[in-house]
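The feature transmembrane segment is assigned by TrEMBL to 89-108, 120-138, 144-166, 187-211, 223-243, 276-297, 309-333, 345-362, 374-393.
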């Protein structure tokens, strides 16, 4: 009897219990933000601000390094180092995690409508954000690395927000509201076009799907919306890709090795996809989606009328997105596997895409919808819990053992650099290696200052402090 009462109590308070569990899982991840330190590339563009000013650096970067005008702007304006604030990356890391949850909360609220209460939507959004962090192969990039959060993850949020703005546009009852949502979708599209090539490909595929379905269903207003946004993406994406800075970067960045032929590009693409599709996250996500079956059926009445398509078509779009998103890297990179920061965004696309595709494939009548059996869902839920607890466990160990020492060592380095910049501005400073730390592939970055004083990030780091260059002392 006590066990039965406990079970009934837990069932009645399941939302509160889930919220408490998620909060406990998020706390160590959020606490690590207060030990976060600027990583090497964070200094790279902030030195351009010192040279050209906050707004003058924008055209300089567009002409000499990158055509990603939207992320270039964020790299300058939102970078705490542009204002001489080293500790500011702690705030940006914390803010980025809050914003990711907020984007998912908006998505759940827009799609589920009144079929889900606000607190349930908040719990679901928080859980999805934690699940993404657990599945992302390069967690430091997704959680703490300012440059890659701005370049890749803000753009990934636009992949969610632009289609949501289109959905609100279709449902708006008044012309003024439709214009406002249309403007929001247009501005989001322009921003996405200036974010990165991966986002251009994925958002372009979403728009192509929307236009194709609208044409098939003879929904002419919807077709005009999708075609208009597609033209915006094409025009501004072309501006971003063909910018002079991209050509200049090919000469300066030795990591970029353009494919010499179509055959070489196709060969690279095949190899990248072979590695990508065996990523653990890519394999488990389609199965873990089954856990959400009952919830998907419950909120089925809120599903947008246009969001109804066969599961096979949805799966084809998701696979096509992975293939198209990999093409730019096959054309310009000779490395295997796909760069981790791009793999993170593929996992984001795959996770949210499978959730939407599975929901879109359900029949209109909830009574006809089929979900996995309770035993299967319980088993998968246990797997889900284990997966989602891993980042919290790693973060707890980092907090206890390595994060404080990591932050202290970098603060000592920064103090030494500041002192050298004040008194000996034309020296090459030698920094001691970090002490042995356990890298749990969560908080501690994979790289350090190079032993070569002429290495690019070394000179950028030194320039920020007013020193010629720095190098890492080789351990004896």
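Glycine is treated like the rest: Cβ placed from N, Cα and C.
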Best-contacting stretch, by C-beta pairs under 8 Å, relative to the transmembrane segment (144-166) and drawn from 89-108, 120-138, 276-297: 89-108
Remote residues contacting the transmembrane segment (276-297) - C-beta distance under 8 A, at least 6 residues beyond either end: 124, 131, 135-137, 322, 326, 337-338, 343, 346-347, 350-351, 354-355, 358-359, 362, 366, 369, 371-372, 376-377, 380-381, 383-384, 387
Stretch in 120-138, 223-243, 345-362 most in contact with the transmembrane segment (187-211), if contact is a CB pair under 8 A: 223-243
Spatial neighbours of the transmembrane segment (309-333) far in sequence, C-beta under 8 Å, 6+ residues away: 197-198, 201-202, 204-205, 209, 213, 250, 255-259, 265-266, 268-269, 272-273, 276-277, 339, 342, 345-346, 349-350, 353-354, 356-358, 360-361
Close approaches to the transmembrane segment (374-393) from elsewhere in its chain (Cβ under 8 angstroms; 6 or more beyond its ends): 24-29, 127, 130-131, 133-135, 139, 284, 287-288, 290-291, 293-294, 442
Beyond the flanks of the transmembrane segment (120-138) by at least 6 residues, Cβ under 8 Å: 15, 18-19, 22-23, 25-26, 29, 97, 100-102, 104-105, 107-109, 112, 279-281, 284-285, 288, 295, 340-341, 343-344, 347-348, 351-352, 355, 384, 387-388, 390-391, 441
